[in-house]
Each structure stands twice: as structure tokens, then as C-alpha cells.
């Protein structure tokens, strides 16, 4: 029995959510999506028994909280980190042919899903054990570590089941995307309208309540135009607000920009149409990879601190290149003045790795010209004036796809870096993720609504 078979067998025996017998209506899907979101938000608000703010140690890492949709010191401490990490690893293993699974068959898809679920559980157990040890290492109560670990394992597995419930058709989209978007929107909303600060989750008083306070008290408004305070590094400012609005408009425009390739179909001879390739061909995948890599390094650096100071120091130095500004430095344009060298290193590392991961993702995820050419031929799509030969079509597509892959990776990396430098609300990566996920949900809602209005379309699209 191979590694994949072992994981798949393990996944089959885990508690699971069954698919609905009949396809739920859009209203029902929205209801279950809302229920899943409420359950997740409640878990993100319930503190872990036996863990206090004084012995939790990741309160300064806003980036981790956003990428993993986690909430410090709560039942959602791990967030969707194990699910994301296992998914990325499985995609890489299958895409690079290190594990042979035919994802075009129902059996292959099922095997992949079960293996991914089992690997996520392994990560849940490992990370829960590490957190349980670090959170309770100062206590003499031998039962407390076990209690914390059990809480984390159960809560994290419930989050996994919530994601599974939504993906299997009870809800809309995926739980991973939904929880990430909810976490980011919470941060952005709080940065605008929060009336109190929540130090444990890096949530300051919002910009607008602060603006009202400054006006009524007659204080100098220049202080909230640009945050230069090291005592309140997460305090939002006016420049960050303007940058958030401006970059939101830019990202929405780019997400809706397509490059069109002229094609014909074998079924409709003589009729020409186009196949759209999104300008952001790899979407936000590159910045997710870079952020997850940095967050994981930072996480293990913090966990290693209680085991080996030297190992923790090395990992921390590496992780610092992935995040900016450093701890205690204002999250605003002022950070460029305080630490210009760190800003340059961060920009170089983030942009270069975004390009590297973006180009790798094209081959790993089946977005490469060869795979796309084969799919076009199977669908009966041809390029006018060219023979129906996979190699010829592959050569033509390669001119578009690799250029789009490079520039889209470069652009999303640049957007994330510039957004971070300008102090956008929710961080640069968070804003990029929130908008792309929101656009996906908008298109999904429009699709589902159209199918409900015109039932005949269900037969045409095979639903």
C-alpha cells in the first residue's frame, strides 16, 4: 500500500459530511452557508480553556491570522491552516507527478479528496500538540496540556467539516474561501468602524470613530493622516483608507480584464468565437503560497523558541523577510522611513517568490499550454487556420499563457507589496484575497440565480 492509498483509506474512515440527495435551492444553500459562517465566527470568539493572553504567543502576527483565518487564543487558533497546507501539498505532489492520481475520473477525485482530508487531520494533530505544549509549558498541571490539545483537535476538525459541508453542495463555494474572506472583512470593518481596541487580535480603534474623537476634542488631525506611533502600530490612518479604496478599484478592474484567443468549434463550422484567459491568470495563488510559506516559517520559529534558541533565531530571521513592517513599527508609509532596508528585502523576496510560485503553479495545476491544448481538442475547439494538432495549438497557447503567468504573478506580487507599504486595511495580501474571493462569490451567485430562473439551462450545463 502506497502513501496515497494509506491516506485515502484513512480518510474514508473519518467522520464526514454526506452530499445532499437532491440539489438544494439557492435559498437553502445561502442558509447553510450562513450557518457555517456563524458557527465559525462563534468558535473564533470562544477562548481556549486554560489559555490566557499572557501565555499565548502569536498575538503580534496579523498576517498569520489573515492567511489562516485564525483567531488568537480561541477555538479557531489553527483556523484553516491545516486544510490549506494539506491542500497545497497534495496539489504539488499530484501536479509534479510524485503521486499518480487520475483526477479526470470520479474514483481519482474521491481518492484525492480523502487523502487530502487525512493529511489535514495529521497536521491538526501535530499543530495542536505543539500549541498545547507551548501554551501550557509554564504550568505544573499535567492535565492542562491534554485539555488544550483535545480542544484544538476537536475544534479544528469541526472547521474541516464545515468546509466539507459547504464544498459538498450544502452551501456556496468553499469554507476555506468563506472563512478567509470573513476574517479579512472583519479586520477591514474594524479598522474603519471599531469603537474599542482588541489588543489580543491586533484590532485598534477604527479610523472614523478616531476621527470623530479628534474633531470633538480639538486634537491635531495630522496625527491620523499618517500613523507614526510605535505604541499603536496597527492604528489605521487616512493614507491607508485612501489606498484601500484605490487598490480595491484597481483589483476589481484587473480581475474583470481578459485576453481573448480567437477559436472555432467543430460542431459549428464557420462560426468564430473567443476563449477568454483572465489577465490575472494565476489569480491570487502566488501571494497565497508566499504568505503561507512565511506564516509557516514564522509559526515554527515561535514554536521552536521553547526548544532551541539558535534554531528559532535562524527561522525568525528567514521569516522576517516575508513580512513587513517588523513588530513595533507603524503599519503605514512611515515604516519605509523607519526601515528602508527591510522594506527593500521584503519587496524583493515577495515579488521574486510570487513569480516563482506563479510559474510553478501553471505546470502543477494543469494550467500549462500542453494541458490546455489537450482540453481544447477534447472539447472540439480549434484555432482558425491551424491544424487540429496538440503541438501546434500548444505552441500558440504558450505565447499567451507563460506571458500571462509571469506578468499576473508580478502584478499580484506588486499589488500586495505596494498595499502593505501604504498601510491598507487588512494588509496587502488580505485585501487582494478578499476582493478575488468576493468576485468569485458574486459570479457564483449570479450563476446559481440564473439556473433557478431558467431551469432549462440545467440540462444544457449538465446539472
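Placement of Cβ uses the backbone N, Cα and C atoms for every residue, glycine included.
Long-range neighbours of the topological domain 'Cytoplasmic' (1-20) within the same chain, counting only residues 6 or more positions beyond its ends whose Cβ lies under 8 Å from a Cβ of the stretch, are 99-101, 111-119, 121, 157, 161, 164-165, 168-170. If you look up Swiss-Prot, you'll see 1-20 (among others) marked as topological domain 'Cytoplasmic'.
Residues or ranges marked as transmembrane segment by Swiss-Prot: 21-47 (among others).
According to Swiss-Prot, the feature topological domain 'Extracellular' maps to 48-60 (among others).
Among the features that Swiss-Prot reports, transmembrane segment is placed at 61-89 (among others), with the record citing similarity to another entry.
The intramembrane segment annotation in Swiss-Prot covers 61-68 (among others).
Summarising the annotation, Swiss-Prot assigns intramembrane segment to 69-80 (among others) and lists similarity to another entry as the type of evidence.
Annotation source Swiss-Prot lists intramembrane segment at 81-89 (among others), citing similarity to another entry.
Per Swiss-Prot, topological domain 'Cytoplasmic' is recorded for 90-110 (among others), and the stated evidence type is similarity to another entry. Counting residue by residue with DSSP, the topological domain 'Cytoplasmic' (90-110) contains 11 helix, 0 strand, 10 coil.
Under the heading transmembrane segment, Swiss-Prot lists 111-134 (among others).
Under the heading topological domain 'Extracellular', Swiss-Prot lists 135-142 (among others).
Per Swiss-Prot, transmembrane segment is recorded for 143-167 (among others). Within the same chain, residues 15-17, 32-33, 36, 39-40, 43, 48-51, 75-80, 82-83, 117, 120-121, 124-125, 127-129, 131-133, 135-136, 173-176, 178-179 sit at least 6 positions outside the transmembrane segment (143-167) and bring their C-beta atoms closer than 8 Å to a C-beta of that stretch.
The topological domain 'Cytoplasmic' annotation in Swiss-Prot covers 168-174 (among others), and the record cites similarity to another entry as its basis. Applying DSSP to the topological domain 'Cytoplasmic' (168-174) sorts its residues as follows: 3 helix, 0 strand, 4 coil.
What Swiss-Prot lists as transmembrane segment is 175-193 (among others), and the listing cites sequence analysis.
According to Swiss-Prot, the feature topological domain 'Extracellular' maps to 194-236 (among others), an assignment based on similarity to another entry.
Annotated transmembrane segment per Swiss-Prot: 237-258 (among others), in sequence order.
Confidence for the topological domain 'Cytoplasmic' (259-283), expressed as mean pLDDT, is 73. The topological domain 'Cytoplasmic' annotation in Swiss-Prot covers 259-283 (among others) and is backed by similarity to another entry.
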Under 8 angstroms, Cβ to Cβ: which one of 175-193, 237-258, 284-305, 342-361 has the largest number of such pairs with the transmembrane segment (427-441)?
175-193
Same chain, outside the intramembrane segment (81-89) by at least 6, Cβ under 8 Å from its Cβ: which residues?
67-68, 70, 116-117, 119-124, 127, 156, 159-160, 163, 176, 288-289, 292, 295-296
By a Cβ-Cβ criterion of under 8 Å, what residues six or more beyond either terminus of the transmembrane segment (21-47) are in contact with it?
69-71, 73-76, 155, 158-159, 162, 165-166, 169-173, 175, 178-179, 182-183, 445, 448-449, 452, 463
Segment-segment contact (the transmembrane segment (237-258); the transmembrane segment (342-361)) at 3 or more Cβ pairs under 8 Å:
no
State the non-local partners of the transmembrane segment (284-305) in its own chain: residues 6+ outside its ends, Cβ under 8 Å from one of its Cβ atoms.
57-58, 61, 63-64, 67-68, 81, 84-85, 88, 130-131, 134, 311-312, 315-316, 318-319, 321-323, 350, 353-355, 357-358, 361, 365, 409, 412-413, 416, 429, 432-433, 436
Checking distant contacts: for the transmembrane segment (342-361), what same-chain residues at least six beyond its ends satisfy Cβ-Cβ under 8 A?
282, 285-287, 289-290, 293, 320-326, 335-336, 367, 402, 405-406, 408-410, 412-414, 416-417, 420-421
